[in-house]
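Annotated features, as they stand in Swiss-Prot:
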MOD_RES   SER37  phosphoserine
TRANSMEM  143-163  transmembrane segment
TRANSMEM  217-237  transmembrane segment
TRANSMEM  311-331  transmembrane segment
Amino acid sequence: MFKRHKSLASERKRALLSQRATRFILKDDMRNFHFLSKLVLSAGPLRPTPAVKHSKTTHFEIEIFDAQTRKQICILDKVTQSSTIHDVKQKFHKACPKWYPSRVGLQLECGGPFLKDYITIQSIAASSIVTLYATDLGQQVSWTTVFLAEYTGPLLIYLLFYLRIPCIYDGKESARRLRHPVVHLACFCHCIHYIRYLLETLFVHKVSAGHTPLKNLIMSCAFYWGFTSWIAYYINHPLYTPPSFGNRQITVSAINFLICEAGNHFINVMLSHPNHTGNNACFPSPNYNPFTWMFFLVSCPNYTYEIGSWISFTVMTQTLPVGIFTLLMSIQMSLWAQKKHKIYLRKFNSYIHRKSAMIPFIL
């Protein structure tokens, strides 16, 4: 009996010990689970492991042929899809140093239009091999040089005629006849016009970094310089006759000339800067400046003001050479305005569908 009681007591003791051990284990498990839960919650949601992307850059092989002889000049390999025609010209020059980038014109086919420098290879490529034809455009000059030469010449030429140097006019006749005030006013207006052109070329206009053939510079200078010589010769001639309606005609036309010059300047400044949205692709919209309100009526007000200036100068001086020059400039600017107007219609039809190109309600 004593042994049985002793064995029962030992079994009870073992059971109590096992229960206590189980409780401690459960408590530890609960603590571990609670700690693990906090750790998971603090770590946030599970995120999938980002897949490693391997960028594949497409390369093109460009074959360049001579547009005249149709013979292959070179092959440019490993040209990326983001490369432009300008980049291709640079690589072409490295491969063939005699082909200067400013003198090279690249075409997709012989006789086709020359590709602009900003065009990307991806936009013209039909396969991994691109065929281009190279043409030597001859001696090239920058557009800035063209504009500066065009406008500096008339400014200096007119001043030479205004000074009435003896090799142009008869010295005795020049000394005997006094100049009419409109002669001085015409010189002032003419100088203001071309000084504005020069300053805008240097500080306002965003002139293209491209080049143009030398013959275009010669043709432009011949046109502007030749007409300036003809105009200045008549206005500054000792036998020049003033306008028919006297000071009233001169004053009104001079005021209108200055207004058009100011309007032209403000329009050019506005066109050279993006609008308030910072987007160059938006159609120019008028602002608080009254000179910009012409945008309500026409899509190219800079040409409108330019023609207005020359019409005013024609009325003020009342000379045939100025009238002919104004007529030719009006025809040329109307063509430019219609071309730009068509571009605006394609891009911003909702903005300018009721506007004219250059002359309100007419053209």
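Cβ coordinates are placed from backbone N, Cα and C, and glycine is handled just like the others.
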Distant-in-sequence neighbours of the transmembrane segment (217-237), which means Cβ under 8 A and at least six residues beyond its ends:
141, 145-146, 149-151, 153-154, 157-158, 160-162, 164, 168-169, 179, 183, 186-187, 190, 317, 319-322, 324-325
So which residues does the transmembrane segment (143-163) touch in its own chain, when a touch means Cβ under 8 Å and the partner is 6 or more beyond its ends?
183, 187, 190-191, 194-195, 197-198, 201-202, 205, 207-208, 210-212, 216-217, 220-221, 224-225, 228-229, 231-233, 235-236
